[in-house]
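Scroll down for the structure; my scribbles are underneath it.
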Amino acid sequence: MAQGGEDLTVEHSASASPTANLRQAHIALGIFLVAYILSFVDRQILSLMVEPIKQDLGLSDLQVGLLQGLAFALLYAVVGIPIGMLADRISRRRIIAVGVLFWSGCTALCGLAGSYAHLFIARMGVGLGEASLSPSAHSWLSDAYPPAQLSRAMAIYNLGITIGGGLALLVGGAVVDMVARSGALVLPVVGAMPTWRAAFVLVALPGALVALLVFAAKEPARRAVATKAGMPLRASLAHLKKHRRTFIAIYANSTLLGVMGYGLAAWYPTLLIRTFALTPGQASLRLGLIYLLLGSAGSLAGGFAAERLSLRGVRDANLRVAMIIAILCLFPAVLAPLMPSPALLLIFFGLLTFFFNGYFGCSLAAIQLATPPNMRATGAALFLLANSLIGLSLGTAIVPLIDSAFFGGQGQIGHALATVGLCATLLASIAAWSGLRRYADTVDIVARG
């Protein structure tokens, strides 16, 4: 029993065999991967339906960009902190399961929205529900895996980004093309629904099954004893302030790459459709396969590279790999949107997707290893707050803003995407480089307790 509170050690205890604990960790990781895939399908499917939503609701590019970014990020970012603090105190399993059910319901409501305001509010609800997942999952995995294996576990978890983003494009593209041919999709109870509305309802359906899988998982004991009193937010902020050079480097590198990444996800389908007259189905098939194959391979490669360096005694391995990734992304990020043919664009986009998707697992592992165990969910929530408020909100809106301000606002958006890629990768690599030594020192301090 902890002093001053209740011992929150749960079903799978520290006294269980290492093999049994690792098996449970792998099972939980698989379930979280499925949940994360679903979250990205529900989050990203809007990017494929920009044109029909604009036509149906009479919206501009900027308004759609705000739907993709700001509407989702408002509650996703802000509520993530109290949810993260809650996850440091109570059952992470319950938090995640309830969140899955909530965001799935709000995704279905997106398909029933009758106005821009209704759709905006429903997207806020999706963000609120999805805020439950990553802070709780990061904390869970940090307790379930040994530190040397955490980068790999985070890389596997973050396959949800690429698999979910790819499936959002593939499933959404198939639905859009199917409904375009038939005129509407008829669903039980709801009746006939046009293209984009049907897509939202269909992708929401698996949420109940995923929530049941989460409830079936066994939660690990916390590496440090947690109490009902918990670690207050001011203690987490004090830790950030004390090691600010470390966290500024991690946050800046990740949020800058996030600006570019969310811009890619939001606007590359539209770029292919507008510039090369591809149908939504054609664009989604090409981009979806790239996300699934090259994005997933890149995510794993980043985690494996950081793990290899860590095992060789490189103390700043996670941040160092994130820096290298930013450098490798520079040229394909600039060249891809300017290519004169869809084939050349997709070649450079494939390179960019492979390099880019290695960074996030490294950043997450860097945050976890630089944060004491009993504030890791809170630390993850603070990290996701920065990534959402800056990366997601700015990344989806800055492309049409730059296009309008500097390139005539004709909606071709290629030059705007190239500009974002150039600035983001340069600044991200500099930010990571500036904090390498301080990050290594912080990891050592946390490891010593």
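Numbering starts at 1 and runs along the chain as it is shown here.
A Cβ is built for glycine as well, from the same backbone N, Cα and C atoms used for every other residue.
Sequence annotations record features per position, and here TrEMBL assigns transmembrane segment to 27-46 (among others). Remote same-chain residues near the transmembrane segment (27-46) are listed as 53, 64, 67-68, 72, 96, 100, 103-104, 107, 110, 123, 126, 130, 133-134, 137, 140-141, 144, 153, 156-161, 163-165, 167-169, 171-172, 199-200, 203-204, 206-207, 210, 213-214, 216-220, 265 (criterion: CB distance under 8 Å, separation of at least six residues from the stretch ends).
Taken from TrEMBL, the feature domain 'Major facilitator superfamily (MFS) profile' applies to 28-440. Note on the domain 'Major facilitator superfamily (MFS) profile' (28-440): its mean pLDDT in the predicted model is 87.
Annotation source TrEMBL lists transmembrane segment at 66-87 (among others).
Taken from TrEMBL, the feature transmembrane segment covers 94-114 (among others).
Annotation source TrEMBL lists transmembrane segment at 153-176 (among others).
TrEMBL lists 196-217 (among others) with the feature transmembrane segment. Listed as Cβ neighbours of the transmembrane segment (196-217) (distance under 8 Å, sequence separation of 6 or more from its ends, same chain) are residues 24, 27-28, 31, 34-35, 38, 41-42, 45, 48-49, 52-53, 56, 93-94, 96-98, 100-101, 103-105, 107-108, 110-112, 168, 171-172, 175-176, 179, 184-185, 187, 190.
The annotation transmembrane segment is assigned in TrEMBL to 248-268 (among others).
Summarising the annotation, TrEMBL assigns transmembrane segment to 288-306 (among others). Cβ atoms under 8 Å from those of the transmembrane segment (288-306) belong to residues 151-156, 158-159, 161-163, 165-170, 173, 317-318, 320-322, 325, 346, 349-351, 353-362, 365 of the same chain, restricted to positions at least 6 beyond its ends.
Marked as transmembrane segment by TrEMBL: 318-338 (among others).
The transmembrane segment annotation in TrEMBL covers 344-367 (among others).
Here the transmembrane segment (379-401) has Cβ contacts under 8 Å with residues 60-62, 65-66, 68-70, 72-73, 76-78, 80-85, 127, 131, 134-135, 138-139, 236, 239-240, 250-251, 254-263, 266-267, 363-364, 367-368, 371, 413, 416-417, 420 of the same chain, all six or more residues outside its ends. Annotation comment: TrEMBL describes 379-401 (among others) as transmembrane segment.
Within the same chain, residues 61, 248-250, 252-254, 256-257, 259-260, 263-264, 267-268, 270-271, 274-275, 319-320, 322-323, 326-327, 329-330, 333-338, 352, 395, 398-400, 402-403, 406-407 sit at least 6 positions outside the transmembrane segment (413-433) and bring their C-beta atoms closer than 8 Å to a C-beta of that stretch. Under the heading transmembrane segment, TrEMBL lists 413-433 (among others).
With pairs at least 6 apart in sequence, the transmembrane segment (344-367) and the transmembrane segment (248-268) have 3 or more Cβ pairs within the 8 Å limit; the two touch. Comparing 66-87, 94-114, 318-338, 344-367 for CB pairs under 8 angstroms to the transmembrane segment (153-176), the maximum falls on 344-367. Beyond the ends of the transmembrane segment (66-87), by six or more residues, the same chain brings 43, 46-47, 53, 59, 95, 99, 116, 119-121, 123-128, 130-132, 134-136, 139, 230-231, 233, 262, 266, 377-382, 384-385, 388-389, 392-397 to within a C-beta distance below 8 angstroms of the stretch.
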